[in-house]
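Here's what TrEMBL has on this protein:
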- 25-48: transmembrane segment (TRANSMEM)
- 41-292: domain 'G-protein coupled receptors family 1 profile' (DOMAIN)
- 60-78: transmembrane segment (TRANSMEM)
- 98-120: transmembrane segment (TRANSMEM)
- 132-156: transmembrane segment (TRANSMEM)
- 197-221: transmembrane segment (TRANSMEM)
- 241-260: transmembrane segment (TRANSMEM)
- 272-292: transmembrane segment (TRANSMEM)
Amino acid sequence: MSYPNHSSSTSFNLIGIPGLEDAQFWIAFPFCTMYFMAVLGNITLLLVIRLDPSLHLPMYYFLSMLAAIDLVLTTSTIPKLLSIFWFQSHEINFEGCVAQMFFIHSFSTAELGVLVTMAFDRYLAICKPLRYSAILTGPTIAKLGLAAVVRGFAIVTPLTCMVTSLSYCGPHLIHHSYCEHMSVVKLACGDTRLNSIYGIMAATIMVASDSILIAVSYMLILREVIGLSSRKARLKSFGTCGSHIGVIVLFYTPGLFSFYTQCWGQNIPTHIHILMADLYLLVPPMLNPLIYGMRTKLIRERVLSLLWQ
């Protein structure tokens, strides 16, 4: 049996948060506040690092990459989400949906890559301080950042191509607030096992490998820190890593919950799953600048100086 493929006139309707349609208008207010804080915080972080030569160091360059990725993630989803909640603008055309899906998944993958490079940066700073500047030169930092983005594009591009090759029929209702991969695939006619298998395998291998690299980095850091004779030096080393560990936990926990719930969480209420997926794109980008701003003395001083001026 054949199904009509999508055409340029195909469009989908994003439900929002299934089961909480009546409350969406009010839910949009805290969402809008978090989005505003995320945009303001990350732009401030980028400006402070850009304008202050004393912050032109590898750690802050990686932090700039994280802030830029967070801006892309939130801006590619939250404005449309707010238009659904406030103005009932549920429709999204096929090309816009695919583009949104590509940006969400590719830049989420890129953020994982940047978190790995930041763990490597902390390992070099604490375990190999004499070689730190020689290893993390400007070109090396640029290559690491580019590698994180290219990896995200390389993993998500086949996924996007498979989605565009599917046929869609019946009600084009996406039970989600944005075009998440599995939510779109569920609307396709015919066999979608390849999409599901590739998505699950790519996410699992990527998260597992990145988690192992981060865990190894911090085990080596911990071993080095425990061997320090000075209590003050130990506390300083733990302090420099604490903010990064906090960001990792913030990013991984809701992300993994959202992904695996979409695949196997049939017993979890849909509105809980969708809320977690929405917050996954809001909470880490909102808190990352606050975490680094509060825990990093140089950034905190520069932001306060900028506000004073």
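Placed from the backbone N, Cα and C atoms, the Cβ positions cover glycine too.
Against the transmembrane segment (197-221), stretch 98-120 shows more Cβ pairs under 8 Å than any other of 25-48, 98-120, 132-156. Regional average pLDDT for the domain 'G-protein coupled receptors family 1 profile' (41-292) in the model is 86.
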